[in-house]
Amino acid sequence: MAGPLQVERRSIEPIPDSERHGSPRSLFTLWFASNMQITSAVTGALTVLVGLHPVWALVAIALGNVIGGVPMALHAAQGPKLGIPQMIQSRAQFGVFGAVLPLILVVLMYLGYFASGNVLGGQAVSAITSLPVDVSIVLYAAMSALIAIIGYKLIHRFGWLASLVSVVVFVYLTFRLVSTHDLGPVLANAHLDVPAFLLALSLTASWQLTFGPYVADTSRYLPATTSIRATFWWTYGGTVLGATWAMSFGALAYAVAGKDFKGHEVTYVVGLGGEALVLPLLLAVALGKFTINVLNIYGGYMTVATTMTAFTRRAALSPATRIGYIALVGILGGVLAVLGRGDFLSNFVLFLHFLLYFLTPWSAINLVDFYFLRKEKYDLDAMYDPDGAYGRWCVPALVAYVFGIVVQIPFSNVDKVFTGFMVPLLGGADIAWLLGLVVPGLIYWAAMRNRIREAAPAAS
């Protein structure tokens with residue numbers, strides 16, 4: 001078997017059985033590492049920033065990850081069964097051309113997450129090297145692109161290494177946080193602000209839900225005989241545990257530090273460790289952020305390729321084309337990071353809101369199709385053929401998707417940007433994402449259950 005430094009040959013095509021390998025246990029370390037990092041801590045800080053008491057912020061963090069982790073891990077279980085990237089599989093629901101609509105939004109997601117990762121990783125690199133932050137951001141983006149070019153095996157190796165480092169670092173930083181600050185006053189008088197709680201819940205759930213479009217990309221090389229149960233639980237355990245821990249740390253850090261944390265996230269976190277450990281902690285922050293940053297550019301290039309190949313009918317990419325797509329995503333994400341780093345926290349919360357409203361309907365439709373309608377059986381060749389079994393457009397899926405977005409608008413509450421007319425009636429609470437999960441899934445199921453009379457041939 002080739003080593004982890006051999007450049008990956010596969011791109012968007014199905015992975016042959018002869019190249020399947022590994023254990024679902026590797027998904028635990030990969031997704032634990034992807035969540036135990038500085039951006040997760042920033043997301044946890046947002047739960048306090050929106051006005052929620054720290055005690056209830058911790059509850060919202062745990063509950064949001066437990067809820068959001070379910071559809072995320074259900075998407076992961078699709079990888080071994082089909083052996084294709086997640087967004088290629090969306091063609092079975094939306095049609096080969098119709099899938100371009102959610103694909104464009106997913107491309108924006110990848111660019112946004114990759115840019116945010118470059119901001120935080122660039123801060124760490126700048127502190128280590130004394131290079132200007134903008135230069136450090138570009139270097140961090142370039143390093144992420146290099147690992148993505150090498151591909152799947154090295155990404156999983158990085159996940160294993162980063163998970164070990166993250167445990168050690170966060171155990172130490174959590175100890176330092178609680179031992180150097182008096183948390184009693186911060187945790188006292190835990191009044192529940194329901195609208196703020198629901199907003200914090202939506203922020204943490206959205207963190208998990210937005211992994212949906214690429215979690216199967218990291219499981220598609222597993223043997224086709226891998227059980228859905230094993231894939232689900234190893235992924236779910238890693239992502240929920242890692243995110244809950246890191247977000248809880250971030251919430252408490254913001255509660256005690258306030259302005260010292262906002263805008264200086266990396267500096268504050270590293271400063272908790274004391275002067276003697278500044279350099280090791282900066283390296284740990286950079287490494288911890290690296291895993292998910294690589295996944296963002298890795299999934300981003302496959303999503304861009306999936307969008308473009310819908311019109312070229314290509315089922316695979318040449319090595320040069322694959323590298324070109326990765327470079328394109330890397331350049332765009334680096335530019336966005338440099339331009340948007342000035343008000344990072346505010347930009348990030350708006351970005352999470354935007355993603356949640358547009359990705360939850362896609363997730364609902366995809367999961368209903370896989371688990372309740374086609375029941376894991378698909379014609380893989382038709383995924384790449386606009387004239388095949390799934391056609392060019394699937395009108396019921398597109399209608400369900402658009403309606404799933406529209407139905408959220410009256411219940412949406414994006415601070416200083418938009419407030420739906422139902423929000424004041426609910427005391428300012430944002431429950432739009434719940435409707436975005438339930439309504440489009442039901443519409444799609446009702447419209448398609450009589451159309452799909454026989455399951456498509458199983459993936460070979």
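Each Cβ is built from the backbone N, Cα and C atoms, and glycine gets one as well.
What TrEMBL says about this protein:
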- 1-22: region 'Disordered' (REGION)
- 7-22: compositional bias 'Basic and acidic residues' (COMPBIAS)
- 28-49: transmembrane segment (TRANSMEM)
- 55-74: transmembrane segment (TRANSMEM)
- 94-115: transmembrane segment (TRANSMEM)
- 135-152: transmembrane segment (TRANSMEM)
- 159-178: transmembrane segment (TRANSMEM)
- 233-256: transmembrane segment (TRANSMEM)
- 323-342: transmembrane segment (TRANSMEM)
- 348-372: transmembrane segment (TRANSMEM)
- 393-411: transmembrane segment (TRANSMEM)
- 431-447: transmembrane segment (TRANSMEM)
Of 135-152, 323-342, 393-411, whichever stretch has the most CB pairs under 8 A to the transmembrane segment (348-372): 393-411
Cβ-Cβ under 8 Å with the transmembrane segment (431-447): same-chain residues at least 6 beyond its ends: 71, 93, 198, 202, 205-206, 209, 356-357, 360-361, 363-365, 367-369, 372-373, 396-397, 399-401, 403-405, 407-409, 411-413, 420
Cβ contacts under 8 Å made by the region 'Disordered' (1-22) with residues that lie 6+ beyond its boundaries: 80, 82-85, 88, 149-154, 156-157, 220-224, 302, 305-306, 309, 315-317, 319, 322, 380, 459
Cβ contacts under 8 Å made by the transmembrane segment (28-49) with residues that lie 6+ beyond its boundaries: 57, 60-61, 116-117, 120, 124, 155-156, 158-163, 166-167, 170, 200, 203-204, 207, 211, 215, 218, 234-235, 237-239, 241-243, 245-251, 253-255, 261-262, 265-266, 269, 285, 288-289, 291-292, 295, 344-345, 348-349, 352
The transmembrane segment (323-342) touching the transmembrane segment (135-152) per 3+ Cβ pairs under 8 Å rule: yes
When counting Cβ pairs under 8 Å to the transmembrane segment (393-411), the leader among 55-74, 94-115, 159-178, 233-256, 323-342: 94-115
Closest-packing stretch to the transmembrane segment (323-342), where packing means Cβ pairs under 8 Å, from 55-74, 94-115, 159-178, 233-256: 94-115
Other parts of the chain folded back onto the transmembrane segment (55-74), taken as Cβ under 8 Å at six or more residues beyond its ends: 44, 47-48, 187, 190, 192-193, 196-197, 200-209, 211-212, 215, 231-233, 235-236, 239-240, 243-244, 247-248, 251-252, 255, 363-364, 367, 370-371, 437
Number of helical, extended and coil residues in the compositional bias 'Basic and acidic residues' (7-22), per DSSP: 3 helix, 0 strand, 13 coil
